[in-house]
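Peer 1: Positions annotated as region 'Disordered' by Swiss-Prot: 14-219, 313-350. The compositional bias 'Acidic residues' annotation in Swiss-Prot covers 49-89. What Swiss-Prot records for 133-162, 224-284 is coiled coil. Annotation comment: Swiss-Prot describes 134-161, 327-342 as compositional bias 'Basic and acidic residues'.
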Amino acid sequence: MAISDLLNRRVRAVAQDDEELYSDQSGSDQASDDLRSDESGSESGSDGSLDEDDDDDVSQGDPEDMDDDDDDDDDDDEDDEDDNDDAQDDVQASLSSISFGALAKAQASIGPKSKRSSKASRTEDEPAAPSPLDDIRARIQEAREQKRQALAKNKDSEKLSRSSKHAPAVQSSKHAVSRKRTIIEPPSVPKSRDPRFDPTVLSQGGRGNPQGTSNAYAFLDEYRRDELKQLKEQYAKTKNQEQKEALKRTIRSTQDRLRAMENRKREKEILAEHKKKEKQLIREGKKSNPYFLKKSDLKKQVLLKKYENMNSKDRTKALERKRKKTAAKERKEMPMERRALAGDDAPSGGGRWRLETPQSCIDVGTCCLISAPGSCYCI
């Protein structure tokens, strides 16, 4: 009964996940069993040596004593055999009382270990056979390595070139991305700025109120006039022709700039007066809708006001300049045979036509073609 209790207590089914753990434990148990067997062998060896000593002593003794000892040994052997028979009977009785479940558990626990041990011994004895999958993997790895090396060589050897000199340059769109990322933008360094173009100034009085801006920077007009006066004095003192030509161009550009600014100022004044009159007429009820000036009407009023503010000498010079400008413009638009030239110079044609510009036609700003003496055809 002791053996059945021992088997029922220690034997249990082994799960597949714990096979390695139990295999390690079984290995440790086998090692401990080997150690125990060695110790028992050493003890039996020592017992054997003692028995040999006793036999030697007995052999040295009397033969009668030896006979008595032999009889005693025979009796002891018979007793031992009887004891062994009783023990075997007890073991068989206990095994017959063991349940089939306990035997199945014991067989399940012993079976896989023996298979694993046999497989391990076979693998240790027999060399590992080459697998076809390993060969395929090795070939694929070699092919990839060769392809990588070929691509590296091509990149080094080939240079970006154009098919012709007229073709656009070839540039790769692949660029390495920097590992650094701007998480927080640093504060911008303040730059020097012109207050005339400052958005804060323009928002307050620039675009919304141009009149306020012009009034705020009215002192610049005085600076420009002083600068023009200094340029004229320097032009009078300079004797070098190159410097005189440069000063002359600068003076002309400055005068044109001042003249354009005066014209714009005059236009603003005329528009302001016209708006004021129209508002007054609407307020009085004489008009229901305001009249907006056209560009041509505005230009005429600006020119009229400009000539009114001039003295007689300046007005004459301005009219003469305007007349020459208009005549030259109309002359360019005419054919070569009808262009008016000074004196008796005729255009290329041998003098068949005589071109003149009578004073009466010049006053109205037109040119005439004189085909015969005494006849004038105004265009």
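Glycine residues also receive a Cβ, built from the backbone N, Cα and C atoms like all the rest.
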Peer 1: Which numbers of helix, strand and coil residues does DSSP report for the compositional bias 'Basic and acidic residues' (327-342)?
Peer 2: 10 helix, 0 strand, 6 coil
Peer 1: What average pLDDT is reported by the model for the coiled coil (224-284)?
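Peer 2: That stretch averages a pLDDT of 92.
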